[in-house]
Amino acid sequence: MPRRIACLIPLLVGLALAAALAAIVHADGLRHAQQTRLEVFHRLSMVQGGFEGALNARLLLARTLRVVISLDPDLNQQAFANLVKGLLADMGGVRFVKLVRDDRITHAFPEATARPGQRLSDVSPPEVGQAALRAARTGQIQVLAPTRMPEGDESVVALMPAVLPDGGHWGMVVMWIEARPLLREAGIMDASLRLDIAFREQTADGWRLMHGAASVFAADPVVMNTPVPQGVWQAGAVPLGGWRPSPNRVPLIFGGGALVLVVTTALLAIMRLLSVRLREREQYRYLVQNARSIILRIDQAGDIVFCNEHTERLLGYEPGELMGMPLVGTLIPERGPDGESAKRRLNKLLRDPAEPVLAETAVIRRSGELVWVSWAYSPVRSPDGTLVELLCVGTEITDRRKAEEALRKSERQYRLLADNVTDVIWGTDADLRVTFVSKSDLGLRGFARADVLGRPLCEFLTGVSRGRLQEAVATLKGMVAMGPEQLPAVTQDLEFLCADGRSIWLETRLGLLLNESGDSVGMLGVGRDITDRKLAEALRDDVERMARHDLKTPLGAVVGLPGEILRLGGLSEAQSAMLLTIEQAGEAMLTLINRSLDLFKMERGTYVLNRSPVDLLQTLERIKAECRFILREKGVSVGIEVEGGMPDEAVVIPAEEDLLHSMLANLLLNAFQASPEGGSVTISLALGDPLTLTIRNQGEVPPGIREAFFQKYARAEASPGSGLGTYSARLMALTHGGDISLDAATPGETRVIVTLPRR
């Protein structure tokens, strides 16, 4: 702070000099302005004196005439003219003089300017008539400011009431005084005065300009008042060109400014030279005291001779308390974690500062708490190269040591888990090259880690599973692009190759590894051996296929022989009925086997659909009729709704009629069975493309099977069915190019939505 104040001294001195210069310039300006105004006042007083003298000389003429009229009220025109002519012999600027009684002109000079008996108000401006009335009423002289006359020039009009010796009013003397000669006689026109002069008259409405420019009174003029009988005429004057600044202003500003600049610059240079050494000395101290590191200097005896403020704050010591205290025993424990003497290590370091000892040590705070510090050392030598001190710079690494220890502990725990888990855990980089695999992979597939790490994961998959892996990766990246709230993961059944040439199936949970930017940097997989389950599923499929094909041969005799026996005759009615029952059961069995074969083909994608136009509404009505027994037994009502109203024509779609009938019958029968007694089932149709058929019934699908509702063998625990109904229905819808979905979002209600193409 003191150094900053010292740097401000030249600026403050410069500001003081500038303020003094501004005061000198201002004082000189005031002096010049006062002197100029005095000169203008002197010239204006001469002009005003001349103006008052010229005006009073002419008013004296009017007063003389008033006295004459008072002594001789019957003065004739000739005597009046001779008298005025004599009075005006040495006086110019009077245009004419008139005597007026009762607003009529009785005498005039020159005589040609008016006819006897002529009204004054008829030959004069309105202002003159008003002034005449005012003079007659008050008995006082009225002097009008310069007024433009009918002849075109301006004149000062003086009206002086005349009274008789007995005090009675006789009339008045009216004198027209030409304004320009009057002003010239006063000296206003004198160019040598070098003044811009203007006159104005004070009226009831304010000031009215009589002569000159209005700008004179807007320029702070020197003013003088001239009293007239009815008020004041004010004269204002400013020098030609306006008020000018002092001629000394520019020399003072530039000369004084240069002096202020030179003095300020010189002081700045001096202060900069003086502060360079101080700044250089303080730079080192500032860096040391404000560094976020422990900085110590120790002498040859191992005692502390310097420490920065951060060291004292960090370790809890008062300023200066560590000076002279030994490093070992005060800050560094006397023995390290390995039991070796810290004093011996310090002596070794003092002999050779390059010795890698005491690189990381525990440091004791004043409270007894230990913190870990990483040290760097630098020798401080005398001019002859002798080591006199050792500079020690330490960085606290307590948090790092704790983090490293926690990381090592975590690594041990996770490695213990990964090495002992029975599932196979593997990880890859962004290019799907294996970067980690658990030990369980060796016992499960027979590959050593060295044989797997760094190789593409696809090399260990069968052809079909490679495609599944690529599909899973694409699905995961799509989930990332949609911004999932949690890490994306999918489950896939993948067939892995073993070292002995076999293959095993692993149910693998796949997840992407993302960096902070959301980019994929690898993949993590956890696989569980499901080879036995896959073999069981394959065995079951083989058994089902064998049953489908092998049952048809003996079933032919069951279906055909009852008819032959009936044709032979000789049977009782009961025997014929039993044979007919055997024949119908065989045909039903054959139909089921054929349908099972069709479903098998649909699963493999080899089923050939035999499309024909099918009336959907008629099919629905037929299914209702087939299920009338269960509807009547449970009291379930069924309604069919068509969006936009029931159409006049049939709702025809291209489909295989038997297949469509089986699919819808399956779904509707489920809805009828799931509805409570007295419930209702609604079938809604939206005739778009694709066509949407919604089956809505009361009752909920159990939450545990909603996600697997259309999977094979999926059924509720209390359900008597096989779990193939919804699976086969969706398989038929997919075969037609449509789909089926479940909507269980509304409590107490189930909606099955079927979409089918219209063409």
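Backbone N, Cα and C atoms are what each Cβ position is placed from, and that goes for glycine too.
Features as listed in TrEMBL:
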- 280-332: domain 'PAS' (DOMAIN)
- 357-409: domain 'PAC' (DOMAIN)
- 410-483: domain 'PAS' (DOMAIN)
- 490-542: domain 'PAC' (DOMAIN)
- 546-759: domain 'Histidine kinase' (DOMAIN)
- 1-22: signal peptide (SIGNAL)
- 252-274: transmembrane segment (TRANSMEM)
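Outside the transmembrane segment (252-274), and at least 6 residues removed from its termini, the chain residues within Cβ reach (under 8 Å) are 6-7, 9-11, 13-14, 17-18, 21, 24-25, 28. On the 0 to 100 pLDDT scale, the domain 'PAC' (490-542) averages 84 in the predicted structure.
The stretch in closest packing with the domain 'PAC' (357-409), judged by the count of Cβ pairs under 8 Å and taken from 280-332, 490-542, 546-759, is 280-332. Each residue in the domain 'PAS' (280-332) gets a DSSP state, and the totals come to 22 helix, 13 strand, 18 coil.
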